[in-house]
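Now, the feature entries from TrEMBL:
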TRANSMEM  12-36  transmembrane segment
DOMAIN    94-488  domain 'Cation/H+ exchanger transmembrane'
TRANSMEM  113-133  transmembrane segment
TRANSMEM  145-162  transmembrane segment
TRANSMEM  174-196  transmembrane segment
TRANSMEM  208-230  transmembrane segment
TRANSMEM  242-262  transmembrane segment
TRANSMEM  277-303  transmembrane segment
TRANSMEM  333-352  transmembrane segment
TRANSMEM  373-390  transmembrane segment
TRANSMEM  396-422  transmembrane segment
TRANSMEM  434-453  transmembrane segment
TRANSMEM  465-488  transmembrane segment
DOMAIN    585-669  domain 'Sodium/hydrogen exchanger regulatory region'
Amino acid sequence: MSVRVALHSRSFLERGLLLLVILIFLEGTVLTLGAASSPDISAQDNTGGHDHLDDHRGIAGSHVHPNYTKKAFPVLSLDYHHIQVPFEISLWVLLASLMKLGFHLIPQLSSIVPESCLLIVVGLLVGGLIKLAGEEVPPVLDSNLFFLCLLPPIILDAGYFLPIRPFMENIGTILMFAVVGTLWNAFFVGGLLYAVCQIEGTYLSQVELLPCLLFGSIISAVDPVAVLAVFEEIHINELLHILVFGESLLNDAVTVVLYHLFEEYSGAGEVTPMDVVLGVICFLIVSLGGIAVGAIYGILAAFTSRFTSHTRVIEPLFVFVYSYMAYLSAEMFHLSGIMALIACGAVMRPYVEANISHKSHTTVKYFLKMWSSVSETLIFIFLGVATVAGPHAWNWTFVSVTVILCLVSRVIGVVGLTFIINKFRIVKLTTKDQFIVAYGGLRGAIAFSLGYLLDKNLFPMRTMFLTAIITEIFFTVFVQGMTIKPLVDLLAVKKKQEAKRSINEEIHTQFLDHLLTGIEDICGHYGHHHWKDKLNRFNKKYIKKCLIAGERYKEPQLIAFYHKMEFKQAIELVESGGGVKLPSAVPSQVSMQNIQPKKLPPPVAERALPQFTKGREEEIRKILRSNLQKTRQRLRSYNRHTLVADPFEDGWNDFILKKQRLIELEKKVRLADSPSLPPPHPPPLNEFA
């Protein structure tokens, strides 16, 4: 008992010391960042030029000014402005890392409050301390900083590790929520807000329709950063996670088009039917163009990684640079940068991972996780700091109606669209699923950055819009984000399975895919299983040969792998002292196959089932998946009146001849064994066909 008390007191003391260090660091950071927001460089401007001129004259040494006075050589000097920008960036990153470390050291707090809420509170405290110190709060959440530096790592991490199978299986539902749902939310919120503003007594009659629709398009989109931050903590099942997160990724194209459309025509005051047609065309160009740009850069990254076998150290660099180039290229043409990053990561991953080494794969994985985690932490901290920085224009009517309309439109949109979607889905979305999808529509820093980009001259209500956006973000992150986990537990919503699927499950999943493909071929119905099988065949026959180096595009065969395992077990048996010693050539073969000696195995009587390493288990999974029976493609539909033998089937005639010979042989054997019995009638030939 005394040992437990001592350990508990020691843990409490360590946490107290860590919090003390964080507070001391905050005190120094606040003063530094506050002073850096309004630097005084007048002294430097007045004296810096003379010092530089004097140094130049001293170095030349040929002409010395008669009034020049020699100064003592400075042993120690202070020049903060020289390192101001990188020093501030390092301070912010260090602050974010310390906050994340302190959050996870208190498990009781992390089980109640989401991490995003605490980070926003930290940002509010930092901004408040800067103001209390009498300094101006710096504009940390600048739109260029957010869209060009902080957002790409989070989207790349999500796109590179995107679960392709559940995403593609639910792509129709995701597109309905992302496109139709976002359009519904934008026009519902914007239209009703305009109607409320025209009511006498609200003092908002100067707000026009197009600015209200622009505000509705900004506030209606679900934010991927907020969804990732909250949904990863509640461990919701894969279906609901991919529905909400996929919607937050794909609604970027709708938001971009609506934003630019309403911003462009707010000055004109009207939108013609031709503008609507151009908006639809622009949506297709923005979305499909972003996907095309990302796919092109993904293919380039995969092709480049084919030639990196001699320079493994730069392999991760190509993944990051090509992805960022895809995002910047899409943003340059006002395409969807988020969809470009998603497409780039999803396209390059299977080919890049086949080319790069295991160490490079580990580097890519952990660097992306670290980079996205730091960016996410900084976004929420900067959001809190920007809230304190202001300015704000509070209007109770506008802000409260915005929060209510966002919640109501989300519920109506999800319920209405699910009613239509369930008519076409095999696995229906239940009432609990609809509630989680509607309640999980969180807003975040993307909406704030889009509102920050508005021109004050064109939109005089910009400050009120920003105040309403921040209020909606705080409501969704704090209220919905803090209550969604207890609601998930209360409703007994299915959680995510932490354990990896067994080999048996994967084999049966692949078997069902092949079975459904065969059924579609027999019925003459070209469904998504048929086209998926066609794409896999085309990928294996052409694309892999071009993008994967050497013979690595060919999957290992099951028999060869079995021989390799058998040989390895024989080596382990010899090393343990059992069996006959192998010749001297065996150690060289063992070293060539990178077989490392292991501990002595237990006796044969006590030996349990063999334990496989993760690498060997993954290789077995890949082999079993690749060696399943491939379905044969048929171009005709099934008809019992025209069921004939396939002339292209190999060995059909040999099969018929063997069956006939087998029947004749059985007749002779039966006649020889029992000559008194009459010979049995042979079965018709079509039974064997």
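Backbone N, Cα and C define each Cβ position, glycine as well.
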Checklist entry - What stretch, picked from 145-162, 208-230, 242-262, 373-390, 396-422, has the most CB pairs under 8 A with the transmembrane segment (333-352)? => result 145-162
Next on the checklist: Applying the under-8 angstroms CB criterion, which one of 277-303, 396-422, 465-488 scores highest with the transmembrane segment (174-196)?
Outcome noted: 396-422
Checklist entry - Can you say which of 113-133, 208-230, 277-303, 396-422 has the most Cβ pairs under 8 Å with the transmembrane segment (242-262)? => result 208-230
Checklist outcome for this item: Averaging pLDDT over all residues of the domain 'Sodium/hydrogen exchanger regulatory region' (585-669) gives 54
Next on the checklist: With CB pairs under 8 Å as the measure, which of the listed stretches 113-133, 277-303, 373-390 comes out on top against the transmembrane segment (434-453)?
Outcome noted: 373-390
Checklist entry - Top stretch among 208-230, 277-303, 396-422 for CB pairs under 8 A with the transmembrane segment (373-390)? => result 208-230
Checklist entry - Looking only at residues six or more beyond either end of the transmembrane segment (396-422), which have a C-beta under 8 A from one in the stretch? => result 172-173, 176-177, 180-181, 184-185, 188-189, 192-193, 196-197, 202, 204, 219-220, 428-429, 434, 437-438, 441, 443, 464, 467-468, 471-472, 475-476
Item to check | Intrachain residues whose Cβ lies under 8 Å of the transmembrane segment (145-162), provided they are six or more past its termini | outcome: 224-225, 228, 245, 249, 319-320, 323-324, 327-328, 331, 337-338, 341-346, 348-349, 364-365, 368-369, 371-372, 374-376, 378-379, 382, 445-446, 449
